[in-house]
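Below is one structure, written out as structure tokens; the observations come after it.
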Amino acid sequence: MAAALINVPARAKRGDVIEIRTLTSHIMETGFRHTAAGDLVPRDIITSFTCRYNGIEIFHADLYPAIAANPYLSFFTVAKESGKFEFEWIGDNGYSSTASASITVE
Amino acid sequence: MSHWRAIVVAALLATAPALRAGEVPLEARRSGYSFMGPETRAMQDDDTANPGMLFVLDGESLWTKKVGVADKACADCHGDARSSMKGVAARYPAFDKTQGRPVTLDQRINLCRADHQQATPLPYESRDLLALSAFVAHQSRGLAITAGDDPQLKPFVAQGRDLFRQREGQLNLACTNCHDDNFDKRLAGAPITQAQPTGYPLYRLEWQTLGSLERRLRSCMTGVRAQAYDYGSPELVALELYLMSRARGLPMETPAVRP
């Protein structure tokens with residue numbers, strides 16, 4: 001199940017620096033672990049995260065095996081105009097998950 | 001002055017029987033939250049940073065999902081969990097009349113699946129079971145724990161207390177040796193807590209996932225080099241019941257975050 005928790009302020013003043021926090025559900029299996037029987041557990045991680053503000057990419061992160069399960073990412077941007085933030089997580093085995101949040105800029 | 005001394009002695013005698021040697025006094029009982037660092041506390045307090053909330057969200061969607069031969073969802077009998085499940089987790093493990101023994105919240109969910117949904121039981125520590133019990137227990141967040149109040153539970157609470165005080169494993173330690181006698185000290189750098197199970201199922205950073213109280217108890221047993229009881233065994237349920245009754249009055253925190 002792909003669930004995400006997004007924290008974007010509902011409203012902000014134009015020019016304000018705002019914090020965006022995202023938390024998504026993912027096991028982030030490193031690919032380095034073995035089962036009790038000695039078989040390698042295949043890697044299954046999120047490899048990239050993108051945030052778009054009204055269609056323009058404002059934040060991008062590449063994720064690696066050392067990142068903990070259920071990755072939490074927090075970053076800042078300048079509130080320029082009302083609109084929508086779109087979030088996208090892409091990972092191994094064709095994993096893809098999206099979420100969005102709206103903001104009103106006064 | 002002597003009559004004052006007599007009053008003090010009488011007062012001590014009056015309160016003493018409720019308290020057994022080595023037990024943490026009622027007013028000194030503290031959630032594991034108070035032993036954590038500020039970063040971990042902040043993570044638990046913010047619902048958009050608490051990874052346990054991801055499981056609560058999953059549980060919310062499972063609550064209304066029809067399953068089993070009966071094609072019924074939890075919500076078809078229990079309705080809105082926000083009202084029907086409020087305070088429920090705070091009194092679990094609870095006595096089950098047909099079983100004649102206490103059952104944990106996880107066991108109750110599986111009994112409901114078997115009896116009313118005619119669905120297969122969810123395995124212990126599976127994502128769906130943890131999500132459902134987290135969702136149910138989340139409805140009690142902030143409410144005081146009342147487990148163990150049922151008089152029928154008395155022998156099982158006593159059994160749990162005995163297990164808590166029984167030395168076991170190659171290290172020959174009882175739960176009480178750390179959690180009653182040595183809390184607030186450190187074990188290999190980590191604080192020793194009072195073992196008050198206020199926030200289960202909880203997100204443990206070490207596990208990188210949500211886990212039940214039984215999982216926590218089993219890892220402590222492995223830590224003292226003892227053979228851990230199986231999930232759902234009467235001994236683990238009795239221990240869980242005793243711990244919950246020991247935490248009576250402390251507020252529920254589900255889903256808590258612990259290091």
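Placement of Cβ uses the backbone N, Cα and C atoms for every residue, glycine included.
Look at TrEMBL and you will find B:1-21 tagged as signal peptide.
Annotated domain 'Cytochrome c' per TrEMBL: B:46-140, in sequence order. Note on the domain 'Cytochrome c' (B:46-140): DSSP counts are 49 helix, 8 strand, 38 coil.
Counting only same-chain residues six or more apart in sequence, the Cβ atoms lying under 8 angstroms from the Cβ of B:CYS77 (heme c 1 binding site) belong to B:HIS116. Annotation comment: TrEMBL describes B:CYS74, B:CYS77, B:HIS78, B:CYS112 as heme c 1 binding site.
TrEMBL lists B:CYS175, B:CYS178, B:HIS179, B:CYS220 with the feature heme c 2 binding site. Neighbour count (other Cβ atoms within 10 Å of the Cβ, all protein chains): 23 for B:CYS175 (heme c 2 binding site).
The substrate binding site feature in TrEMBL is assigned to B:ARG216. B:ARG216 (substrate binding site) is surrounded by 20 other CB atoms, counting those within 10 A of its CB over all protein chains shown.
Non-local neighbourhood of B:CYS220 (heme c 2 binding site): B:CYS175, each in the same chain, at least six residues away, with C-beta under 8 Å from its C-beta. What TrEMBL records for B:CYS220 is active site, cysteine persulfide intermediate.
Most Cβ neighbours within 10 Å, among the binding-site residues B:CYS74, B:CYS112, B:CYS178: B:CYS74 holds that distinction in the structure as shown.
The sparsest Cβ neighbourhood within 10 Å, among the listed binding-site residues (B:HIS78, B:HIS179), is found at B:HIS78. Taking the mean position of the Cβ atoms of B:CYS175, B:CYS178, B:HIS179, B:CYS220 as the heme c 2 site, the remaining residues of that chain whose Cβ falls within 8 Å of it are B:PHE164, B:LEU173, B:ALA174, B:THR176, B:ASN177, B:ILE192, B:ALA195. What surrounds the heme c 1 site, by Cβ distance within 8 Å of the Cβ centroid and not counting B:CYS74, B:CYS77, B:HIS78, B:CYS112, is the set B:LYS72, B:ALA73, B:ALA75, B:ASP76, B:HIS116, B:GLN117 from the same chain. For the heme c 2 site, whose binding residues are given in the record as B:CYS175, B:CYS178, B:HIS179, B:CYS220, the maximum C-alpha distance rounds to 11 Å.
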